[in-house]
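Worksheet: one structure, shown below.
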Amino acid sequence: QINLSVIPQYVDYLVSEQNVKNVFVNGTTGEGLSLNTQERKRLAEEWVCQGKDKLDHVIIHVGALSLPESQELARHAAAIGASAIAVIAPFFFKPTNKDELIAFLQKVASEAPAVPFYYYHIPPVTGVKIRVEELLDGIKEQIPTFQGVKFSDTDLLDLAQCINKNEREQFTFLYGVDEQLLSALAIGADGAVGSTYNYLGRKTNLMLEAFAKPDLALARKYQFLTGEFLSFVIKLGFGVAQTKAVMTFVSGIPMGPPRLPLVDATEEFIVKAKTKLDSIVWPDDD
């Protein structure tokens, strides 16, 4: 069951401990697609409410397999004052081309006509491999609120083409593959949405600062160390349940178990992951 009571503590932890001021609610790590509509609404309300005057942006993911459900969630997000909404491609009956996908996205976006809209591109999960470069061509005419893309794919050529072609439009590209963030920044990504920023947000912000200076050698150190940890845990089996376990032992906030069909992280995983994370010496460590 969802546990709303930890969200105030969670918000304060992100802001004060991780220097994270923006959240993406009901996405992959939040198991948004495993929740029912009422649960998703309650979570969105609580994050917007608790984030008031503390968080800069609360983006609500409202994608669903059912168009009416996605539209209902979009209307709700607009009503509660979400900063933006995002939508994943439907992944059971899939859109097979750009026009079908845009038609679906447009029907959702139009239910929140004053709210910035993001397409959430995550082909490893959805199996929808329509290139974003192709999708963006003329999208603003059909979706006036279109703001940008949460780009959760390793295809940096597609991302680069998007950024190269759409400088005039000033779309925002938020990168979603944490272990490749520095590569995405180098070709022009504007920011990031990812699971590791729950517990490595401060380190990632230091990487962003180093990149902006630019001190690429320092930025690479942070990226390589994040990659070292992720490479280690991926070999153990790393998914949403394991991310919750890592966040729990780092933050002290109980993230709870995942919902079936996902199963909880093993004690062995927790011990090994904690030992590995504790062993990493970051450039800013005293």
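Every residue, even glycine, has its Cβ placed from backbone N, Cα and C.
Just so you know, TrEMBL annotations are computer predictions that nobody has curated.
The pyruvate binding site annotation in TrEMBL covers Thr29, Val193. Look at TrEMBL and you will find Tyr120 tagged as active site, proton donor/acceptor. Per TrEMBL, active site, schiff-base intermediate with substrate is recorded for Lys150.
Spacing of Val193 (pyruvate binding site) relative to Lys150 (active site, schiff-base intermediate with substrate) is 7 Å (Cα to Cα, whole number). Counting in whole angstrom, the residue listed as 'active site, schiff-base intermediate with substrate' lies 5 from Tyr120 (active site, proton donor/acceptor) by their C-alpha atoms. Cα of Thr29 (pyruvate binding site) to Cα of Tyr120 (active site, proton donor/acceptor): a distance of 13 Å. Proximity of Tyr120 (active site, proton donor/acceptor) to non-local residues of its own chain (separation of 6 or more, Cβ distance below 8 Å) is seen for Gly27, His61, Gly63, Ala86, Val87, Ile88, Ala89, Val149, Lys150, Ser152, given in sequence order.
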